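Colleague: Take a look at the following structure, please.
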Amino acid sequence: MEFAELIKTPRVDGVVLRRPFLPTVEGTLCLTGHHLILSSRQDNTEELWLLHANIDAIEKRFVGSLGTIIVKCKDLRVIQLDIPGMEECLNIASSIEVLSTLDSVSLMYPLFYRPMFQVIEDGWKSFLPEDAFKDLESMTEEWRLSDVNKDYSVCSSYPPLVAVPKDVDDDTLRKAAAFRHGGRFPVLSYYHKKNGMVMMRSGQPLTGTNGRRCKEDEKLINATLRAGKRGYIIDTRTVSVAQQAKARGGGFESEANYPQWRRIHKAIERSSILQESLIKLVEACNDQSHSMDRWLSKLEASNWQTHVKEILTTACLAAQCIDREGASVLVHGTEGTDSTLQVTSLAQIILDPACRTIQGFQALVEREWLQAGHPFQQRCSQSAYSNSKPRCEAPVFLLFLDCVWQILRQFPCSFQFSQHFLVLLFEHTYASQFGTFMGNSASERSKLNLSQKTVSLWSWVNRPQEVERLSNPLYEANCLVIWPSVAPQSLLLWEGVFLRWKRSSRCLDEAYDEMVHIIQYNKELQNKVNNLRRQLAQLETEEPLLQTP
Amino acid sequence: MEHIRTPKVEQVRLLDRFSNKSASGTLHLTATHLIFVESNADAAQEIWILHHHIGSVEKLSLTTSGCPLVIQCRNFRVVHFVVQRERDCHDIYSSLLRLLRPVSYEELYAFSYNPKQNEQQREEGWQLIDLGAEFERMGVPCDQWQLTDVNRNYKICETYPRDLYVPITASKPIIVGSSKFRSKGRFPVLTYFYQEKKAAVCRCSQPLSGFSARCLEDESMLQAISKANHNSRFVYVMDTRPKLNAMANRAAGKGYENEDNYSNIRFQFVGIENIHVMRTSLQKLLEVVGTRSLSVNDYLLGLESSGWLRHVKAVLDAAIFLTKAVTVEGASVLVHCSDGWDRTAQVCSLGALLMDPYYRTINGFMVLIEKDWISFGHKFADRCDQLDGDPKEVSPVFTQFLECVWQLTEQFPQAFEFNEWLLLQIHEHVHSCQYGNFLANNQRQREELQLKDRTHSLWAFLLSEGQNYLNPAFCHTYAETHPVLEPSTLPCHLKFWRNMYHQFDRSMHPRQSVLKNVLTLKESNRQLEDTIMKLEAVSTLLTTEAWHQPPHPRPPEEAKKCCSDTERTVEGSSGSERKESYGDLQGTYGAKVEPAVVSLEFGVARMTC
């Protein structure tokens, strides 16, 4: 097979592995097509199985003939391999470099991976748009499922089926699509059952410098308004950025052509800036200096927390328009595949209790990120350590997860899942044995036939033991809208991701286990009390029998 | 009461500090409290502000809506009222100005505070903590350390307690000589004894060495401390000040130990800034976090420029140094700063907390504060501005200590028997002057004031509601597996203590509290266990005695409701926590029971249906 030629030295003995919080291990290093494996051949020591795809960057160092490779992973872990023999070390390093940056999709691990667990429910079929639409149909008749995009010809980043206003025909959709960036015409993102208001998302309108308009686009979005009601357009860009977009053919909805809509501009940054922010943040977190001032100023300079606040604020605004103002909302930025999705998905977490369950959150990620065409493969091909110049990489989804974590911190009993689930998703977007996050859109995934050739992450997650692991023991269904605080003092650095490898989480984990224990014990005791009561009641009724000799 | 001109003002608006929200209600001024009662009957909130908690009152210039009155409290509550009529506002303002500047201790709340307790309970409250027993627990007196009576009458050092522990070999002349060579007579004495290695933590004030003075008795004193520990041939002397400050002190005839004169010491500066720097730093921090619509960047830059977390780190680093010297090297350590009652108290008490699991229990923590802070003369009256005094003496040294403890509880969630609420409650009462414990500056003054006869003890009150302060994750065996804590002081592991500095800004806190939830469950577990025992008893009775006793006993009644008690409520879904007594608002407030001072409800939710 083709990997063999990339691996000059498949095996080295006497390699020493150093990892955060784990004892140093000496063993045999093996390279396979997809993994870097270190085995000590002893039963009681943990082995290392590292996906090449998880390697973000490596560094080589030599002291005499002892080589050292520092492996920096996309999950932000840094591990060190001491390899005897300069040639072996160089060979290993160059193999890792090549294997971890293979561009060819057909060589990716998910296509080779065979599950070692029993698939109870095929995740590829768990969240079909048709099923989601059935829920919508039970609430309203104002929407229909259009297959205008069934061959991906109207919009390459949309799924074949999208929900649109019932009164708008496919022809109108096609014309509106021609007026929106990437063909991303306004589609339904969320229906707020409480008051029937909706959230839609799209790409920017292609007004250009001379203010082009499109009657069909206007008709399409006006069809979502109730008589006499106004709606809000949330443009995730600042006014000036949106203005500049006109020069490149983009733009925003003018008041004149969209009189029933009020436009609000927010300031969520473009993806390249977010990537830079991530790199700076991780650098700050890895800084070993003991200077408090240095840490705080580096943290500040990374702007990460600013992005978190800005995204959360915008999502709260969208939720507020819908729930408090009783207005419908259209959200877009430039392409409508990044900041737009951050806002629409977070607004749903705030508004819709269903999105706070394990299943519901998967459905949300599937609907608002995967089906909605967030280009995962481009965005997550490199993480914070990569030296190569970023092309399309950006931690857009990671920022979304961070925001969810912030809300979870503020409403620790309102989510069915714990932060483990968020961390798991973070890891799998960057490197995974599952096909879920491969490709950039539904169309790409369908061309690759991933649903046949790979296993879905959801198949793994939705097994009882995994669900149990990811569950939040404190969860109690909360049907309310949850409004997070976005004050800087309320936003925390997500230690579970960014400081995860800085300090063993053992203390925190043990405390967490203790909490779980208290909760479980409570349930046991309740059961026991109920059983005893039942027994007593029984004894009371049996007693007359006992008394008769 | 003679200072109160207007006991009640209606139609006062309370503005939220961080949003545009406001509430209107009535302001009451009593002899001890300023009370705001919201008039909205549905979600009526009451704010009780003890006069002693008020740090400053400011009357802003008149606006169209009325006369603004801004009150800053020492527990970091900031309230902004708008009073309709300027005259009312002025009356309240000038009454408060007088009330918040008591001139004698007798005016403090502790002397009038009267909980429903009889004399015996009150006295028992004061007997809860026995420092003599505490030294015994550490293993002192022993063959190397003894109790000395030199300060029985506060003659040698009036800011020290009567009972002091010194090396056996330190004779009275040595003690007297040494005390004369130390600032304020605060000579080296034992504060903690690490039994395992027989290493001692001693404390004192700076030596009056100037540029060249020396004192043979003081040198013998340090010699005696060194000799009392066979594990190490030298004593660490930790000067907790920055070197520059210590050197500057030499010009005033004070200074630090010259290693050439003391034969077996290792001298070390650890660089904690003085009370003035700390005061300014916290002021800056509060200014920053009090800004409306604060941006993340301004917040982080403000956090940095205030230097507060840097100071917290410095204090913790010093405590870690002390702990390592004692537990790893087995060396004795002498800690001092200038007068030995601020930084020294911080470092000694935090070091002990790291070394000795006992201090991480509720009782132990109280003992620790009683020992290193109260008895060794941390000047609570001056630092917390209890009487109208010198503003330059005010400094958040004790607050900073509590914050350091909080940082530790965050890093070691299983190590502490108590939770954050205990720290907040102690902080509250250090400033409330409601209990006698923290009044005045030292033990001698406290005795003169006869506090034990005339006031109540905070510790008794805290213990009476001890279940609120339990840390549900506390692990009893943790003390055995981790007798010594080794915290990280990497900057990224130190956090801003929102629950302290924004305690009363409810909109900033998590809307649901894990701590509260788990505590409730734990309490419910206890009740359920009880119920099970009772039920099982009844059940055994039924099965064994059924033959003989037809009229069997009923299962205990209270057990029946237990199950329903355990249901948890989503916080904030009901706003009726303290609604019961709004009917009699017309009357005076004097008779009304004051609410528990720190409201433990951080999470009034903004959750909407």
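Backbone N, Cα and C atoms are what each Cβ position is placed from, and that goes for glycine too.
Unlike curated entries, TrEMBL annotations are predicted automatically.
Marked as domain 'Myotubularin phosphatase' by TrEMBL: B:125-501. Per TrEMBL, the feature substrate binding site maps to B:ASN274, B:ILE275, B:CYS337, B:SER338, B:ASP339, B:GLY340, B:TRP341, B:ASP342, B:ARG343. According to TrEMBL, the active site, phosphocysteine intermediate annotation covers B:CYS337. What TrEMBL lists as region 'Disordered' is B:546-583. Here TrEMBL flags B:554-582 as compositional bias 'Basic and acidic residues'.
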Colleague: Neighbourhood of the substrate site (B:ASN274, B:ILE275, B:CYS337, B:SER338, B:ASP339, B:GLY340, B:TRP341, B:ASP342, B:ARG343): other residues with Cβ within 8 Å of the Cβ centroid, in order?
Modeller: B:SER205, B:THR240, B:ARG241, B:THR344, B:VAL397
Colleague: Please list, in sequence order, the residues in the chain of B:ASN274 (substrate binding site) that are at least six apart in sequence and whose C-beta is under 8 Å away from its C-beta.
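Modeller: The answer is B:ARG241, B:ASN245, B:SER338, B:ASP342, B:ARG343.
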Colleague: So how far apart do the substrate binders B:ASN274, B:ILE275, B:CYS337, B:SER338, B:ASP339, B:GLY340, B:TRP341, B:ASP342, B:ARG343 get, largest Cα to Cα in Å?
Modeller: 12
Colleague: Who sits close to B:CYS337 (substrate binding site): which same-chain residues at least 6 apart have their Cβ under 8 Å from its Cβ?
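Modeller: B:CYS337 (substrate binding site) has long-range Cβ partners B:SER205, B:GLN206, B:ASP239, B:THR240, B:ARG241, B:ILE272, B:ARG343, B:THR344.
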Colleague: Does DSSP give B:CYS337 (substrate binding site) helix, strand or coil?
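Modeller: For B:CYS337 (substrate binding site) - judged by DSSP and reduced to three states - the answer is coil.
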Colleague: Taking the binding-site residues one at a time (B:TRP341, B:ARG343), which has its Cβ surrounded by the most other Cβ atoms within 10 Å?
Modeller: B:ARG343
Colleague: Neighbour count, 10 Å Cβ-Cβ cut-off, for B:ASP339 (substrate binding site): what number do you get?
Modeller: 21
Colleague: Which of the three DSSP-derived classes (helix, strand, coil) applies to B:ASN274 (substrate binding site)?
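Modeller: DSSP assigns B:ASN274 (substrate binding site) to coil.
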